[in-house]
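Engineer: The following block contains the structure, expressed as structure tokens.
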Amino acid sequence: MYDTVKGSDWLGDQDAIHFLTREAPRVVYELENYGCPFSRTEDGKIYQRAFGGQSLKFGKGGVANRTCAVADRTGHALLHTLYGQSLRYDVHYFIEYFALDLLMHGRCCKGILAWELETGLLHRFRAHHTVIATGGAERCYFSCTAAHTCTGDGMAIACRAKLPLQDMEFIQFHPTGIYGSGVLVTEGSRGEGGKLVNSQGEFFMENYAPKAKDLASRDVVSRAATMEILEGRGVGEKKDHIYLQLNHLPAELIHERLPGIAHLAWVFAGVDVTKQPIPVIPTVHYNMGGVPTNWRAQVLTRENEEDSPIEGLWAAGETACASVHGANRLGANSLLEIVVFGKAIADQIDCIARPGERHEDLSTDVGEQSICRFDATRYAKGCVPVVELRDEMQRTMQKYCGVFRTCDILQRGCREMSRLYTCDLPDLCVQDQSLIWNTELVEALELQNMMLVCMHTVYAAENRKESRGSHAREDYKDRIDEYDYSKPLEDQKKRPYTEHWRKHTLTWVQEDGTICISYRPVIDTTLDETEAQHVPPAIRTY
């Protein structure tokens, strides 16, 4: 728990972090019982490797080997394991459906409206419980490690239901995306002994994180790599990336524990990792922000300075913000989060659902606004092609909301994104007007979702006048808490809530493109202080 709170730069909610870490061993054993093929040690135990930010004895006992792994394909193995289990219970999947919007009745969620690509039909799915689990929005950026489907759809449908998003300014850049393609090189490669190298042959992380070195948290390593490039110590013809060196490791270790990385490096960089370093660069990897939830994974809004759960609506995974990651996520905590909170949602629904319960009548106009938006997009006769606007949006975010940020850069980013959102997006051109397998319309709808998420992100980043976790501002380099934790707290006066930044950002986008910003306090107490004590704020070093 200590490492996750510290990794969050003390912006994580400690009740949710306590729940996450308390349930972690149980879900690992449950996955093992499902047949997840965890790697093994020589004595038959589940193999655990070091990831960034993991420590022993509350940061004083060296690096911890804590991450349970399936070679270097843990996520892939989890996907197949859980999908296989779902088939045991005859779960029915609605394949090739595109979720358009939530069906809301006041402050209650009654299901979703979805478009079936195979038939072209629109469906109203009535549900007593709806779970948003659509992943992140990394495709808002030009270079990222995520799949092309990570377009922020779940976040956007929550926005259109007049719900806020939380902490959208915190975008994680993974230190090791393969240069030129963005394909991820897992942090496990550094956990096995990989080293980052600059053009002078230096293992430069020793200068930025003397204790943790290459296993410092991701925001620290990404900033260090970016600084090496900016200061002229990058590699390659343009000096615009760095190297990840694995060739000092035994070849048999690489083939046993990092076979996927060896294959990806060969396919996407033409590199034999047993002989050559991999060209890498910090690449957009994860959204710490998302749809706000409590530790039970219930979606929240904020009313009268109080958290207010939305009846029948849940969220989990990267689309949600519990907030277990705060300002920066530790490696492997995302896989843990989806299993822990996904299971928690299922357990709670199982307890409260009543089979055969009748659905309340809905007014005939529920979903009508969404259908009008769908038709308007389908028949859009503007001048801006989808592919061109998407490219401009991605390049704008990459340029103005990157690893290092300043007031001028972020304000320029706000202006550019507002122009794209209010002027160019309404002028969209969609040439294919069919309803069956219309991929151009899918891309147009995804673009609308991404533009909405981008507005939240860039305005939240401009608003936060400090540096915390992945949000690094050159003009506000310090973390601004209620106290100065670099000094004794005695005789210090606590800063008012309005004068410090250890609080969550809540953002709403209005129909005219204006942004409303509010705040939500960080939860500093655990679920049970006798079981796990809260971690008081401190200066974050590695």
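Yeah, the Cβs are placed from backbone N, Cα and C, and that goes for glycine too.
Nobody curates TrEMBL annotations by hand; they come from automatic prediction.
Fair warning: this is a prediction, and the values are worked out from it, not measured in the lab.
Annotation source TrEMBL lists active site, proton acceptor at R218. The FAD binding site annotation in TrEMBL covers D153, E318, S334, L335. As annotated by TrEMBL, substrate binding site applies to H174, T186, H285, R329. The domain 'FAD-dependent oxidoreductase 2 FAD-binding' annotation in TrEMBL covers 1-335.
Are these features on the surface or tucked inside, and what are their neighbours?
Structural biologist: Taking Cβ-Cβ distances under 8 Å and a sequence separation of 6 or more, the neighbours of R218 (active site, proton acceptor) in its chain are G52, G53, Q172, F173, H174, P175, E187, H285, N328, R329, L330, G331, S470.
For D153 (FAD binding site), the same-chain residues 6+ apart in sequence whose C-beta sits under 8 angstroms from its C-beta are A99, T134, E446, N449.
Secondary structure at R329 (substrate binding site), as computed by DSSP, is coil.
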Engineer: Kindly state the mean pLDDT of the domain 'FAD-dependent oxidoreductase 2 FAD-binding' (1-335) in the predicted structure.
Structural biologist: 96
Engineer: So of H174, H285, which of the binding-site residues has the fewest other Cβ atoms within 10 Å around its own Cβ?
Structural biologist: H174
Engineer: Long-range same-chain neighbours of S334 (FAD binding site), Cβ under 8 Å, sequence gap at least 6?
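Structural biologist: The answer is Y286, G317, E318.
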Engineer: Measuring Cα to Cα, how far is T186 (substrate binding site) from L335 (FAD binding site) in Å?
Structural biologist: 13
Engineer: Note down the number of other Cβ atoms within 10 Å of the Cβ of E318 (FAD binding site), including every protein chain shown.
Structural biologist: 27
Engineer: Could you list the residues of the same chain, at least six apart in sequence, whose Cβ is under 8 A from the Cβ of L335 (FAD binding site)?
Structural biologist: T74, G75, L78
Engineer: With an 8 Å cut-off on Cβ distance to the H174, T186, H285, R329 Cβ center, who else from the chain surrounds the substrate site?
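Structural biologist: Not counting the recorded site residues, we get T145, Q172, L184, E187, R218, Y286, G331, S334.
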